[in-house]
Amino acid sequence: MADKQISLPAKLINGGIAGLIGVTCVFPIDLAKTRLQNQQNGSRLYTSMSDCLIKTIRSEGYFGMYRGAAVNLTLVTPEKAIKLAANDFFRHHLSKDGKLTLIKEMLAGCGAGTCQVIVTTPMEMLKIQLQDAGRIAAQRKLMPETVAAGTVETKSQTAMQLTRELLREKGIAGLYKGLGATVLRDVPFSMIYFPLFANLNNLGKRGADGPAPFYVSFISGCLAGSTAAVAVNPIDVIKTRLQSLNRGSTEDTYSGVTDCIRKIMRNEGPSAFLKGAYCRALVIAPLFGIAQVVYFLGVGEFILSFLPKKDN
């Protein structure tokens, strides 16, 4: 299938639809992941994912689990579209000169991961502030000793308010805080995920050139996604910490990636780098399983088939 022509618009549509469906399904788990990764020793509100979700519903209501979902749903379409389409594009061109080796598959994944951070960084920057706001508010009520004396409770902000504030105070760089950590997370993730998915999916193909059944694509996406997610979780913890603007008075602040690693190791130990790993695996597995099913069903190709074709 290496010589098959690809339709970039169709791949972009597939990636966008897949992202919307996947995020809607798993967003509450992603919120729990962010809050678990952000809480430091001495300010632990949540003991597990289920404890986090239960306390979130009690204090913020059901829709509290969807804080920041609007940002994710708005930007996940271009983010997932870029990621999946870029990987397909690079694989297609790298296979023109011969067999698509593992190294070439990893290079394609590297290219896809590099391209997606253009959208991923500002999306996660805004999403993390909104997701973590509830943790700070709960900390203020349940653990007031962790909040600096005299600190005034600030009104909950919307994504647009946050964007305007960051642009006004720090310019475009404000939205791209944590860019380095995002690259360090997303490039290795894509280098692991895409080759692993392709090889797992190939095992279930019907014949040499036949497509894999949808359930094989789903299972392959889940397995590859969860494996890559756990592998890069330490970087995800660092990225989340760097992109969080609001902290309790007893929580560390960080000047960069190396400073973050040093302080986490010194104050929380190596196990802190695995915070939220279980949640992240639960988020990524169905997210990419759903994505690959939509992608391989060819929803984008179906939609584009209704458009009038240009005469040559």
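For all residues, glycine too, the Cβ spot is worked out from N, Cα and C.
Copied over from TrEMBL:
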| type | residues | note |
| --- | --- | --- |
| REPEAT | 6-93 | repeat 'Solcar' |
| TRANSMEM | 12-32 | transmembrane segment |
| REPEAT | 100-203 | repeat 'Solcar' |
| REPEAT | 212-301 | repeat 'Solcar' |
| TRANSMEM | 214-235 | transmembrane segment |
| TRANSMEM | 281-307 | transmembrane segment |
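Taken residue by residue, the repeat 'Solcar' (6-93) breaks down under DSSP into 73 helix, 0 strand, 15 coil. Cβ atoms under 8 Å from those of the transmembrane segment (12-32) belong to residues 46, 49, 52-53, 56, 65-69, 72-73, 76-85, 131, 276, 279, 282-283, 286-288, 290-295, 298-301, 303-304 of the same chain, restricted to positions at least 6 beyond its ends. Residue counts for the repeat 'Solcar' (100-203) by DSSP state, with H, G and I taken as helix and E and B as strand, are 85 helix, 0 strand, 19 coil.
Confidence over the repeat 'Solcar' (212-301), given as mean pLDDT on the 0 to 100 scale, stands at 89.
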